[in-house]
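Structure first, then comments.
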Amino acid sequence: MPLFSKRKNNTDSKDKQNTDERNQEQQQEKERPVLISPSLAKNIAETKKEVGSSSDVIIREIKIGEQDHVHLAVIYISGLVDNNTIHESLIDPLVQDESIQNTHAIQQILEKTLPLGGVKAEKSWDKLFSELMLGNALIFADGHDEALICSTQGGEQRSIQEPSTQVSFRGPRQGFTESLQTNISMIRRYIKNPNLWVEKMKKGSVTNTDIALMYIQGICDEKVLKEVKQRLEKIDIDSILESGYIEQLIEDETFTTFPTMYHTERPDVVAGNLLEGRFAIIVDGTPFVLIAPALFVQFFQSVEDYYSRFDIATSIRILRVLVFFISLVAPAVYVAATTFHQEMIPTQLLVVIAAQREIVPFPAVVEALTMEVAFEILREAGVRLPRVVGSAVSIVGALVIGQAAVQAGIVSPAMVIIVALTAIASFATPAFAMAISARLIRFIFIIASAVMGFYGLILGIIMMFVHLCSLRSFGVPYMSPLAPFSSQGVKDALFRVPWWADEKRPESVSKEDKVRQGKDQRPEPAASRGMVNKDLEEGDQNGT
């Protein structure tokens, strides 16, 4: 009892300490003046008080106008601004304009002095500091109770490159960057329509991360939009460093291995999903964009499916789904067959497997778990190592460990083949989030097969499908258009029909503008051949 009281007192003291720190932060915010002062000296002092001794915050005081009567201060953060813009479009025009009068300095600078596109006046300290942290420059003038915010964002950024996680043999070669505005502009180049709306907000009480919600007005479901806006407004956290934060805070189901939001770094993928009625969430500082509502079949679709012929795309999609289930159940089937159901194995194959396992001291389940864990370690090591040696380590390591394990009699050659086939099959899933889900579920199926044989495996598969059917992505059934079945949605699910036959958007996603193309879009080869023959006949007659 005393120990319990001591722990409770420690918890209460920690809660009280956290409450005191929170109250202290709120008190400091209250002490900061809401509006700027007409005194330039006070404004500079308030800025220094807020940013502390940060060496990258530049405060440059200059005197301009006739006889230097106007006293200004230009404040910006080095590294977040474009230095050429600061000097050529900000400092130089201010110094050269001698017509500026002290009584109307801010108004004159705003209206005619600066050639910058984005300049606006502001009085609120909160807004000014927020813009300063974004890379914009501030101009204060002595005797004026408002400052100017100048658009000077710049600094070093990664150039547009080919996506590294979603490589395509056909299609655009550009991927998203870490710049929010650049990513938005890349999507707008695909969808040149005023109904493509972008709503920006800031999340993270400390980081103040910019987030953009993008959708096509009139195509995206209004109920889904209302739901996602409510979930985004509810977010109250100190930092947002990557889109994964947002995904985990707004997804429908937390306790599931299956992803209920799709992420990509390809602008054409985002554009295609927006045109189907989905929305996208873009986070500043990351090239990965979130897309929802997400469906189970969506994770087996690749961008080049839509750039290739429908028959080729259909065959590859079916192959991906089959390979996905092979990666799920292959080790479990081997464990169940060799442990409980030897009568189902052909006699000659059973004799070969029995001869291989004669010197193996462990049961099949231990073999499977050991090799699976070893392959997962090698795969993780290959990802974390430098790219030059990572792939070599994973491949060579797998060969060496597999051969050594067989020679040592720890595992059988058949088990090495099964695990290797499973590892290769997992790479065929286009979406990494779905592939890693299979890697986790595979262990559950192996244990179920070791306990109950094929009965345990079948029970596990049934439970998995029941769980999949219970999932929702922003209210949309995760297994649609298969469950519930949709005749229109199934045209672009496990297989893809020709473009001329896919007249409407997916019913489970888009409730507004469902029609995406006109009727009678099917090409008429017979008529085309007739036209060609007619042209040839007319040409022959003219020649004679």
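Keep in mind that glycine also has a Cβ here, set from the backbone N, Cα and C atoms.
Your range for transmembrane segment, going by Swiss-Prot and the list 350-370, 392-412, is 392-412. The recorded stretches the transmembrane segment (443-463) and the transmembrane segment (321-341) share 3+ CB pairs below 8 A when only pairs 6 or more apart in sequence are counted, and are therefore in contact. Cβ atoms under 8 Å from those of the compositional bias 'Basic and acidic residues' (504-523) belong to residues 218-223, 275-278, 293, 295, 476-477, 480-481, 484, 486, 488-489, 492, 498 of the same chain, restricted to positions at least 6 beyond its ends. Helix, strand and coil residue tallies for the compositional bias 'Basic and acidic residues' (504-523), in that order: 0 helix, 2 strand, 18 coil [DSSP].
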